[in-house]
Amino acid sequence: MRALNHKLVRELVAMRSQVFAIAVVIAAGVATLVMFLTSLYALTETRASFYQDYRFADVFAAAERVPQGVVAEIESIPGVQRVAERVVAGANIEVAGFADPISGRIISLPDGDNAELNSLFLSSGRLPEPYRDDEVVISDGFAEAHELQPGDSLSAIVRGRYQRLEIVGVAISPEFIYQIRPGEFLPDFERYAIMWLNRSALAAAYDMEGSFNDVVLTLQRDARVGDVIDELDHLLEPWGGQGAYSRDHQLSHRLLEDEFEQLSDMTLLIPAIFLGVSAFLLNVVIGRLIATQRESIGILRAFGYSRLAIANHYLLLVLVILAIGLLLGVGLGYWLGEGMAALYADFFRFPFLDYQLQLRTVAIAALVTLLAGVAGTLVAVQRAAKLAPAQAMRPEPPPSFRPTVIERLGLQRYLGQPTRMILRSLERWPLRTMLSVTGIAFAVGILLIGPYQRNALDALIGVQFNLIQRDDVTVSFYEPTSRKVIHELAGLPGVELVEPHRYVSAEVGKGHRYQRMAILGLEQDASLRRLIDTDHRQVNLPAEGALITDYLAEMLDVEIDDTLHIRFLEGRRGSVEVPVSGIIAEYVGVSVYINLATLNRLMGEGEAVSGAWLAVDPDRRQELLTELDRRPRTASVTESAAAMRSFSEYVAETMYAVLFMTMLLASAIAFGVIYNNARIALAERARELASLRVLGFTRNEIGYILIGEQAVLIALALVPGFVIGHFLYAAMVAAVESELYRVPMLPSLSGMATASAVIFAVGLFSGWVVKRRLDRLDLIEVLKSRE
């Protein structure tokens, strides 16, 4: 066995560049697994710790005005552990040096104290002093966006009254990890703020002394959430309750869950692709390596080494390569994972990041690598062990001679001798050719994932912000108001077109499937909010019935002509049934669209609107924004350009960063596949090429034969690679779609060009390395008889 160990060491040294290239492929697969696992673990553990330490609530409810005495009744609901009532209000905010409108949400704090539930993590400063009405704590993301800190000040219009507020603290709340304005799908820290004010000050401003309009609860472990919500709704109904909901439906938590679910799906999918390619490559490499050592295996068997010893020898070779790849992959994955987790933590405004490499992550990576590696090479190792000594010591019989396709077509006279040799070799060894093409095709396929995703995200932005949302400015009001406001808005400076809409909070569903969401009512001939089908053709809103987005239809298992049950959570809070008139396509969020007049009729109300879309003269944009910001009924003003910019920044900061890391690892796999293919081809054909040199072929001619064969293999692999990439990306699209957004399944010619360029660049580099070794080929040593 000692001799076999010496042989193993010699082989590892002799083929060190190949070993490294294979280890790089394995490391890329391991790194993706470790990167996603450590990031996911860090983010989920950080969130869990933050929720627990700062007492994130289990149930949330809002109402119009609830007497303080109702708190005791809420506390008596079976299963309730702790209750915190509060006052919550909207405000318009002004920051010196920033001209765009800023909307905000103000939440009361017990005077001079932290909130009992949804407590604040102070990243700087302090809480407001008791009974001070001019001190405020602001959200961390808003402070960072405007470079605000304790000691600075801002202005707020609170219930129509202009008030100067001093910033005394900057904080993060578990309730607003994903700080997003209602009705939108991405944070905009510059134009949306969360602020906390003493309860006495906020209650006085909104005439809420002795009352509250918002309540949060934590529950006992054995509590039935549904029963608690039903009881709470019953208690708050006389006071204008707007429907209690659990943590699962809390906006920040729900969007975080979607993001974590996407990350979890990516953790399963992308490493599986990478490690699968690694296993396939190992199988091809070890199989072809063993084929070049047939004579050595025969000699070892003749000297009495058992089949098990031979199998163990090659299995140990595989394990050494796997170990090198595992160590490289764990280190690289830990480093990349830390960067990815930090990106997510910064975007989601976590106050800290609990990032560490778990022993179980390393164990999972080692186990998966071992299974993939051994499974990928088991057949090749078994084939080596089964070789009989006499059979193994004979060279493999040459393939049966037959004219090639080129020769049968009579085209050989147009080709030089080296080119004919390339084509003859590929055709007469079809299995070897097919395996090489398949390996390279998988490398092309995984290289396509990044460009495809980037192209899809660009298309998503284009469709959502140019084809569907065609307004310049969206105005929202604090509460539904008369349709007459359209005429007021039309008279403002720069307004060219006004289209009203109404958002209504509701529970929508069919059978046992329900979704809490906002129904959007718009005019039948609306042009600033276009509805489209899957082919991007405009869909007209019917006078009766509802249109729902395709992803919501899938969630609720709804088809055209089904009946949709709607329970309104505001106004008279009635329930209605509406037929589904059509299914439309949207890539962002989920929606139900109903004719505005029909929606108001279903609610039993007059011609009410909750906001409007505006088309604006660009030259008078700032004048209009200033005027809108001063109007007391205005809850928020959102520019489409700012929303698109926010989404683009989110994509650039998170998705593109992850895609760049993935592309980097995919390029490493492509290098490993192609470089190993070229090196093994050299090992297999060294004697043949040396013979050609003796017969008078020049170095460039034999280099052309070897490198030309690799170029043909790459060219043959491109189209299958594009097909593989398409299916791999389709699997990824299906895995990462969520309520927040979905990416379209679109081919990318630029992506195909990029993948092809990378593959050919790697091929050129590999060819250059192999050509150098070919030029240094020792003809006498190679041509020695080993029989």
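For all residues, glycine too, the Cβ spot is worked out from N, Cα and C.
Annotations in TrEMBL come from automatic prediction, not curation.
Taken from TrEMBL, the feature transmembrane segment covers 20-43, 268-291, 312-337, 357-381, 429-450, 655-675, 702-729, 749-770. What TrEMBL lists as domain 'ABC3 transporter permease C-terminal' is 269-388, 661-770.
It is 429-450 that, among the stretches 312-337, 357-381, 429-450, 702-729, forms the most Cβ pairs under 8 Å with the transmembrane segment (655-675). Through the fold, the transmembrane segment (702-729) approaches residues 273, 418-419, 421-423, 425-426, 433, 436-449, 452-453, 674, 677-678, 681-682, 685, 689, 692-693, 745, 747, 751-752, 755-756, 759-760, 763, 766-767, 770-771, 774-775 of its own chain, all at least 6 residues removed from its boundaries and within a Cβ separation under 8 Å. Comparing 268-291, 312-337, 429-450 for CB pairs under 8 angstroms to the transmembrane segment (357-381), the maximum falls on 268-291.
With a cut-off of 8 Å between Cβ atoms, the residues of this chain six or more beyond the transmembrane segment (268-291) that come close are 15, 18, 22, 25-26, 28-30, 32-33, 36, 297, 314, 317-318, 321, 325, 368-369, 372-373, 375-377, 379-381, 383-384, 396, 432, 435-436, 438-439, 442-443, 446, 449, 662, 665-666, 669, 672-673, 676-677, 680, 683-684, 728, 731-732, 735.
Per-residue pLDDT, averaged across the domain 'ABC3 transporter permease C-terminal' (269-388), gives 79.
Counted with DSSP, the domain 'ABC3 transporter permease C-terminal' (269-388) comes out as 103 helix, 0 strand, 17 coil.
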